[in-house]
Amino acid sequence: MTVYYKGFPQSDRNEAIKMVNVDELEDRVRKVMPEAAYYYIASGSENEWTWRNNTAAFNHFQIVPRSLTNMDNPSTETQFMGMDLKTPIMICPIACHGIAHKDAEVATAQGAKAAGALFSSSTYANRSVEDIATATGDSPKFFQLYLSKDWDFNKMVFDAVKSAGYKGIMLTVDALVSGYREANLRTNFTFPVPLDFFTRYVGAEGEGMSVAQMYANSAQKIGPADVAKIKEMSGLPVFVKGVMNAEDAYMAIGAGADGIVVSNHGGREIDTAPATIDMLPEIAAAVNGRVPIILDSGVRRGSHVFKALALGADLVGIGRPFLYGLALGGAKGVESVINQINNEFKILMQLTGCKTVEDVKHADIRQINYTADNLPSNTDPSVRRAYPVTKENQMEGTQDAATGASKH
């Protein structure tokens, strides 16, 4: 069930996961994942207010039930940018899936394919875009770009992504430098597994680098001209990822963006930034249907997916939960996570008389002044729990927190 890369424990599971909801996976994954690796995934920046509020803010919106709709068997299938999907839930790009599973992004993409969901791969992925494409065929795939200062590197990435059959690029614009992530500092987190594009271009594997060091390789300034240049060089649709206000949405569309991703990087960059769901109505009104909108950050329930679609999103991304599924069950675990949230979403479609995803976009949502900010912060010493020590979450041979193991 566990293999080791230079002493770093990696799951090799491939099994469906039984769960009541995806939240319960966060405790379960601590038993199979090293402490630093877990906190790299789970934590946010500074006091983690935004990380917590991203989920809590969905309680600002109420779903108004509908009855006497004479409808059954709703369909969660949808189309997006010419791609046929079984669900409006997508896999968000996250770096280094190898901290969760030995097959890394290949297993994640296989799980997304099985669930009929759009998969997106990170510039800082462990596995190559070619390996992922070979394992998943023509299943829908996007690529997330951390723009490099080196345009030769960028061109190499664009050519590889297009040749591998990816359907679009998500340009990340909200992470020009790393947010101040205290949990990563406390555990001395560094990437324990090589990152493909670093290996093939600069000969530096990325292994052993901190998050801040990794971001230092990326462009520290991005403007509208970069969006146009990426479109021209790549020949692919470009979504601007990290839009949190109407003005930036206008600028992105004006620069030629083919889509908008409403995201605050999962609460990992600016702490006390607004929750994405709170900003979505304003941004959707500004976009006014001119380009598709994706929302991510804080999504944990089918009701969150429903609310995001009703408030203006076309797809809804999940991040941390699928990595927990990857660690606990490999490709089948990722599929289980997507199916769990999608099944919750389908129940709400039935209870609101929504036969299709398009119907959900016209559902009745009411905003209220309410919050339920009851999630503990990973950085608050008063609520930090002792990290469990198990055979599966320890380094092989040595105990070195810098590469992800606990010291107790």
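Residue numbers in this text run from 1 along the chain shown.
Every residue, even glycine, has its Cβ placed from backbone N, Cα and C.
Binding of FMN is attributed by Swiss-Prot to Pro93, Ile94, Ala95, Ser122, Gln144, Thr172, Ser263, Asp296, Ser297, Gly298, Val299, Arg300, Arg320, and the same site annotation extends, among Lys229, Lys231, Lys241, Lys346, to Lys241. Taking the C-alpha atom of His265 (active site, proton acceptor) as reference, the shortest distance to any of the binding-site residues Gln144, Tyr146, Asp296 belongs to Asp296. Secondary structure at Arg300 (FMN binding site), taken from DSSP and collapsed to helix, strand or coil, is coil. With a cut-off of 8 Å between CB atoms and residues at least 6 apart in sequence, the same chain places Ser43, Gly44, Ser45, Val211, Arg268 near Arg181 (pyruvate binding site), listed in sequence order. Sequence-distant contacts (6 or more apart, same chain, Cβ under 8 Å) of Tyr40 (pyruvate binding site) comprise Cys96, Ile99, Ala183, Asn184, Phe189, Val211.
According to DSSP, Lys241 (FMN binding site) is assigned to a strand segment. In three-state terms derived from DSSP, Pro93 (FMN binding site) belongs to neither a helical nor a strand segment and is classed as coil.
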